[in-house]
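Trainee: Pasting a structure below so you can have a look.
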């Protein structure tokens, strides 16, 4: 308390000091400086004056209008108070807690009590009297101020004072910065902003009187400029965010869950942009600009046999012909160590970019996951299940009546479900049937998965046979069988799963997760069957390559033999197109992935056009001449399937990660695809989809999707890494040709481009003796962190319990105190001879210590306890409530209530 | 748009930026949308109020069950009719903007939910809130029994001091743990 009043005095002195500096000779009351100072003081003393305001507020709730009229008519000094009063009314709820705390602190100061008493006396006096009293009070305050300023005036500007002034200015600045987080109406904010800005401007210059003045002024100007720049930059940044308006439009029509898909799509686009920049800038462009031109060496030339059809559209569409022998694929790159005048280390760059894309993706995904986890905090704790449903379930972004209706329905269902769940924790009627059905459903799903896996394997093997026969002899279907089958499976199996999942009778949210999990398993299974089949093919190609290699060596030997025989003939220069070459399996893998992506994209777009657009058109226009209502009945309009689309996106990304090493063009293709998707899907959603019936929250599943992405990332990098590490590269194509393994390029660089000691250090570091302990250390660190986090969680729960217990304890204490005070009051009443009635409402008011809440309705049991006491002991009727006794009780009680 | 920009004034614009969570573009857009609600002769007057009915014609607020409460909370008019000036409107948009803090959002959410303006959420408030959330139609309404149970559960969870009402600090405590309050308590023009 001592400290508090001391601080107050200090503040006052500070304010007086400023005033004094400004205009020493003028009378405060009449001058603007007085107003300035007073206002300033008022704002600074806001915390301490809150208590006062609260009191005013309590006393004057009934006479506010008169008072406001009065305050406005009084002096300029009063306007501030008026605003404060208004603010009290507006933000009383917000500041109640802090106010109470303040009040508690301040209550003990004798002055306050005195004032309180005087005001308590005031209540029964006439309004005029009150006004008078109030102005008197103001006068008193002013006189107090005067006195303090007199004190200050005698001092001169010492460094301490300067320091204080500086402090005040800083405080003002802080206020300016924190204004926007204050829940005040704009008018008030504007007033205080202008005031404080004026203040800061006025006194900032005076601050740096001595040597540091110029620097200080410079600093001030620079901070101002910097702030302006920052704001402009912020504005600029928001205009740069692509598709912001589109997404916001969708958000306002369909709510945040559909918009979350588009935000995810945009995020994906960002990642792919980076991947594209890496591969394009560091691999494709250097090779195209500085590498050997097309046709210079065999690997960069279309073979003679394919030359005729190399420019056909069908071939190009399949990424054969000229497309195959270009920078788009692995095989085109040369194993020359350094290319061009920059001495660009092409193979090294190729390898590092491949590793870098994966590393970057890992980093981004994990960072995003961590951030999401941070944002959601302790999202999975169920302690506020109902309250969250109540307070946070409405999506304020919804601006479409239909969506709003769906949302109403879904909220109602969720309420009802929650109540049911609460009522009967587990209703186990016919649990055997449910179990049986669930097992059956899972069995069916497994069959589906196995069937689709086998189908893909079968198709891939068949296509290999076709490929051996030569693709030209087969129809279009036979050539594109693999991709088509995969796309079709991806399209129809989820529907099948949906049908099967109706057997299971799960809660919709759980059902959705099962569904997602199954689709995930399907896609993953398909992808992996595809990869396994691809591995078979790689092995085939490698066998073929061995034969070719053997042939070439024998051919070369025989050729050399002939050359040595007649040395007069110049060595015959073969055209690169005629040189026999091995089947480049890396390019083949790249091609497969590119084809897969293309066909996947096509099916996505076509289903979008047929399934959504055509359906919408048919439903819309055939509705007039159809025998049932198409819009409400069977086909109706399609919903936007957020989870399915997200999954599709994730898998697409997985294929990119898998294939990007062998086909550097994949990120570029994906970028194109995402770009088109963005526009196409935005359009499709706005024109032919209806809002979802079951509106799910987006943020809850955000990390679920992210986790899937991470799993896919891991699973898709596995095969890529496996091939890189275990299979030797082709001998005559790609940047690593001639090496035993692809990663040998690192060794090579270390040995030839770095000093000896570096490679030595590196070899030591990669020694298993060092790596193993390191891994062990990391595992230990993970274990440690996990156990600490578990401890924190436990501590959190304990603290929460403690808080609750303490609150209850406090409440009990308060109740007891209140009861006791009331007993005293009753006794005093009995003793008193006055026979007047006490209205229960008035009682309630006083007991509550805060605003009057209507005492009707069924309040909690605890609340009713003292009230029954009231009824049992009604007290002498006709007791005059507003007299000192009453105010006394309030004074007793208020501090006790405020304790918690 | 050039005229609206000049109408607002550079000083005021930068002050608004300082005081709200809105960017320059958003303030200008808000001004444009707001002046569309005004009639011709009202446009020339500064600080005109727009009645609640006209504010509610905005598509962003049209289907919000709390639209009237929102207007009342942000209105500073003395007649308590929920009419908004441009500054009130900016306050509204700022509180509902992307970058507003959880604290300010929960503060305003509390005031929106506090139907009788008494500073606490009591049973009456909660009941009205449930009715707002479940919509007007009869088939979505909860039965009285369900309502009672629901409100009991909510008070059980969030009423930490057990006084039968949810006050601001309890409300903020609950809200601050919610994973999707900040993302859904948004209105964009």
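Cβ coordinates come from backbone N, Cα and C, glycine included.
All TrEMBL annotations are machine predictions without curation.
Annotation source TrEMBL lists compositional bias 'Basic residues' at A:1-30. Sequence annotations record features per position, and here TrEMBL assigns region 'Disordered' to A:1-155, A:825-900. Sequence annotations record features per position, and here TrEMBL assigns compositional bias 'Basic and acidic residues' to A:35-64, A:84-127. Annotation source TrEMBL lists compositional bias 'Acidic residues' at A:138-149. Annotation source TrEMBL lists transmembrane segment at A:269-290, A:310-332, A:344-365, A:439-460, A:481-503, A:515-535, A:704-725, A:761-785. Per TrEMBL, the feature domain 'TMC' maps to A:584-699.
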Trainee: So, taking each listed stretch (A:269-290, A:344-365, A:481-503, A:515-535) in turn and counting its Cβ pairs to the transmembrane segment (A:310-332) that are under 8 angstroms, which one gives the highest count?
Mentor: A:269-290
Trainee: So what's the average pLDDT for the domain 'TMC' (A:584-699)?
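Mentor: On average, pLDDT over the domain 'TMC' (A:584-699) sits at 83.
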Trainee: Using a cut-off of under 8 Å between C-beta atoms, tell me which stretch among A:344-365, A:439-460, A:515-535, A:761-785 contacts the transmembrane segment (A:269-290) the most.
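Mentor: Going through each listed stretch, the top one turns out to be A:344-365.
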Trainee: Is the transmembrane segment (A:761-785) in contact with the transmembrane segment (A:344-365), using three or more Cβ pairs under 8 angstroms as the rule and ignoring pairs under 6 apart in sequence?
Mentor: no
Trainee: For the domain 'TMC' (A:584-699), what are the DSSP-based totals of helix, strand and coil residues?
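Mentor: Taking the domain 'TMC' (A:584-699) as a whole: 84 helix, 4 strand, 28 coil.
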